[in-house]
Every structure is written in C-alpha cells, then in structure tokens.
Amino acid sequence: MTALKNDRFLRALLKQPVDVTPIWMMRQAGRYLPEYRATRAKAGDFVSLMKNPELACEVTIQPLDRYPQLDAAILFSDILTIPDAMGQGLYFETGEGPRFKKAVGSLADIEALPVPDPEKDLGYVMDAVRTIRRELNGRVPLIGFSGSPWTLATYMVEGGSSKDFRKSKAMLYDNPQAMHALLDKLAQSVTAYLNGQILAGAQAVQIFDSWGGALSAAAYQEFSLAYMKKIVDGLIREHDGRRVPVILFTKGGGLWLESMADSGAEALGLDWTCDIGSARARVGSKVALQGNMDPAVLYAKPAAIRAEVARILAAYGAGSGHVFNLGHGITPEVDPAHAGAFFEAVHELSAAYHR
C-alpha cells in the first residue's frame, strides 16, 4: 500500500506528537455539499449511492478536494448495512428516516438471523473501501465504521427510527435473554465487518453508539458498553505495519467516560454536552479524545465559529491526543464556506498548543 503523506490523525489517536490538531468531521461527505447532492441525484437515491463503490468513493473524496485541511477521509456508508445484510430489508421513507421491511420481535426471530460474511454479503462496502484507498493514494488515512450492537438493535426491534425506543427497552427489561442474544449476534457481525474493512484498507475504525445515551447507567454497561468491549477485543489491531486505532463514540455518554476509557479503544468521541478539559482530566493518559463542537455553531458567522474553536482548543490544552471534530454530524443546511472556516481555524489556532 502507498505510504501515508499525512498521518497526523493516526498520530493524534496514538497520542504521538503532531504539528497541529488534526480535523475531520462526522458526515463530512453529505447533503451540505452541492457536489454530494449532484452525485446522489445521479445515483437515484441514498441506498443506490451507498451500494455503488465508485460513487461511494466519489462522495468520500469530494470534501477532501474542497477542503485541503481535512486530515482523514471516512467511508461513505450507513450504520444499517449489517441489519440489511441480515435480511431486514432497509429502505428510506422521505422525511421518515430509515425503515426495515421486517422487525425483530422474538428469540425465534433473532435465532434465525445470519451473521453476514463481509465479502459475500457486504462486498459493496469492502469494494468501496478498496476503491477509496486506491484513489486516496496515501493522501490521508481512511476511517471505517459500524454502528454499535445496541444502536443497531434499536433499529431492528423498532423497525426503524424511534424517539422513545419503547419496543427495544421493553425487550431489554422483559426479555433480557432475547436482547442479549441479539446483541451477541450483532457483536459477532460488527467484529467481522470491521475486520473486513481493515483488511480492505481502513486505517482506523469508529463504532457509532448513537443511542447508548438513551440507556440508564446500569443498562448502558450491560447492554451497550460490554458488547463494544467484546468487539474491540476481537479487532485486528495491526495491519500494513501500523496500529489500527479504534474510536468509541456514545452520543450522550459523557457520564461514563471512565468505564469507556477501560474498553481497550484508543480514543473516545465526545458530544458537545461534555467539557473536553474535564473529560481529559477524567480519562488521563488512557485514551485520546475526539470532538466536540456543537454542530449548530456552523450556522453562526465565521468569527463566532473561530471563537468556539479557540475555546475548545484552550479547554483541551497543550499536547497531542486530541482529534478535532463536531459533537455529532454536520447538518444539511450549513453553508459550505462555514465548514471551511471551521477547518482553517482548527489548524491555524492549534499550532501554538503543539510547540
């Protein structure tokens, strides 16, 4: 594989010295970019775009072409590829978000689910990873990702998005045996899927636990974090002569950073409700931190964006171990020029913290 020209992102995850704080952005390939909207229109719809390796590669690289400051590319895909490959039948309703043709309701449903083979059942994702790595040609590292078992389980049990997770939580409390069976199968599937991405060329991986923060403290430990730890334990940690860092991101997980720091992951993603300085004090030197600007700051003028970047950099303080990001994905209505101002501010203002 081609040597990396910019490994700042990987170095920061391993708390090695960097010249400036690296930056990437969740959903950096997304609807706020006119070029993304044009490619999506060419594909016809989101699922067709995601399942076409050439077009998925095109949209992955678009933000890097527009913003030379970006220090990583993230695979263009969706967290729901695994349930789709298990036969749930993913589709998107306009204005409704993701739906499944089949929901999971019983232990029998769960026992019937296959563990997808990454190359056979999710080959379009592996092909996209290979295509993107080839096209990047060492420009920046490529991040692979998956949803967490708990987050995937909520979609599978609810049959799509949910505001209150009533079916998933009812199963968790009424029938913990069934929920554990589902989470165990999903943990096996996510481990195989992320290892497939690593073998295909992903140089770091992130586990998105979007709905872990909806759980009680006790339920989070038992039904979310325990399964993410299981995944981390089963991942390929060295590939292509380099460490493959793992980032755990639980939205709403700020209360549980200490136990997340014991997961074996190299880094924790933070949402914007955490103070990054106190998060750093709490986790010590165990893990790097990623985040954590409120995505809504990007609606403000560039001077306000710059001020918030300065505040977060000062809160983290000097030294490596910080990857700048938003606290969640960028929203579609943001002006692309504001994203550019954000990236420029991070590199420019962070240099002083790395001397």
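Each residue, glycine too, has its Cβ placed from N, Cα and C.
What Swiss-Prot annotates here:
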BINDING   ARG27, GLN28, ALA29, GLY30, ARG31, ASP78, TYR155, SER210, HIS328  substrate binding site
SITE      ASP78  site 'Transition state stabilizer'
Could you give the Cα-Cα distance between ALA29 (substrate binding site) and ASP78 (site 'Transition state stabilizer'), in whole Å?
12
Name the residues of the same chain, 6+ apart in sequence, whose Cβ is under 8 Å from the Cβ of TYR155 (substrate binding site)?
LEU80, PRO83, PRO98, PHE100, GLY147, SER161, SER162
Sort TYR155 (substrate binding site) into helix, strand or coil using the DSSP assignment.
helix
Cα-to-Cα gap, ASP78 (site 'Transition state stabilizer') vs ARG27 (substrate binding site), nearest whole Å:
10
Just checking a number: largest C-alpha distance across ARG27, GLN28, ALA29, GLY30, ARG31, ASP78, TYR155, SER210, HIS328 for the substrate site, rounded to a whole Å.
23
Measure the Cβ-based neighbour count of ASP78 (site 'Transition state stabilizer'), defined as the other Cβ atoms within 10 Å of its Cβ.
18
Set of same-chain residues at least 6 away whose C-beta sits under 8 angstroms from HIS328 (substrate binding site)
MET26, LYS251, ASP271, TRP272, PRO295
Binding-site residues (ARG27, ARG31), the one with most neighbouring Cβ atoms at 10 Å
ARG27
Cβ neighbour count (within 10 Å, all chains shown) around ALA29 (substrate binding site):
24
